[in-house]
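Feature annotations, reproduced from Swiss-Prot:
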BINDING   GLY10, PRO11, ALA12, ALA13, SER14, GLY15, LYS16, SER17, THR18  ATP binding site
Amino acid sequence: MKGFKIAIDGPAASGKSTICKLIAEKLNCVHIDTGLMFRVITLYLIKNKVNWAQITEENYLKLLLNNCNIYYEKNHIYCNYQKMCLEIKLKRIEIDNKVSLVASLPFIRQKLLLLQQEIIKNNPYLIMDGRDIGTIVMPNADLKIFLTANIEQRILRRVNEFKSNKSVNELQKITNNIKLRDHKDFNRLISPLKKAEDAILLDTTDINIIETVNQIHNLILHKKKLLNQNEF
């Protein structure tokens with residue numbers, strides 16, 4: 001069974017995870033949010049009182065993460081048998097302040113890459129989103145999409161996500177956070193965020209979530225037709 005694999009990449013607050021979750025529900029397939037994996041590790045480090053001054057030391061990280069077991073089950077992420085989604089939401093700001101640093105560390109990227117590729121091997125039908133899926137994690141994906149939107153729209157989406165009061169200070173804080181995240185993601189030395197050469201660019205600035213889901217669904221159906229595949 002060959003299967004059908006979809007890679008979705010894009011910058012912060014481009015709507016990747018929300019859209020991929022809806023598509024996975026529509027197609028009844030596995031959805032893997034790789035950004036969530038980095039958030040889980042970041043939360044694990046915070047809870048285990050990591051010494052951030054030593055975070056770049058590989059031996060220190062290996063020892064600290066030796067008992068960190070991350071896995072997916074029925075589209076939910078677990079760490080050491082605990083479902084993590086709610087706790088990640090509750091500690092969102094604390095995690096946001098450190099996740100870019102954690103995601104830039106070679107040891108952690110390699111650790112999660114092995115996990116991601118194991119998931120890909122064991123799930124013929126899946127949609128995976130992140131920042132290097134089409135370029136590094138799943139370069140042979142059947143369909144690659146680079147999802148983006150202008151920074152003003154992404155800021156607005158993040159404000160709505162946080163249910164912020166939209167005060168001037170809050171807007172500035174979110175704006176600075178997204179701009180800094182963009183800079184780090186596009187310029188990091190290992191697996192920087194970039195569009196795969198064979199990815200379809202989809203700008204969602206002027207379309208809503210449902211319209212985006214429908215456009216991607218149509219792209220999936222078109223690609224499957226080209227591959228002479230009927231089932232999903």
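Numbers run from 1 along the shown chain.
Note: Cβ is positioned from N, Cα and C throughout, glycine not excepted.
Counting other CB atoms no more than 10 Å from each candidate's CB, the binding-site residues SER14, THR18 peak at SER14.
In the structure as shown, the Cβ atom of GLY10 (ATP binding site) sits within 10 Å of 27 other Cβ atoms. Those same-chain residues not listed among GLY10, PRO11, ALA12, ALA13, SER14, GLY15, LYS16, SER17, THR18 yet with C-beta within 8 angstroms of the centroid of the ATP site C-beta atoms are ILE19, ASP129, LEU147, ALA149, ARG154, ARG157.
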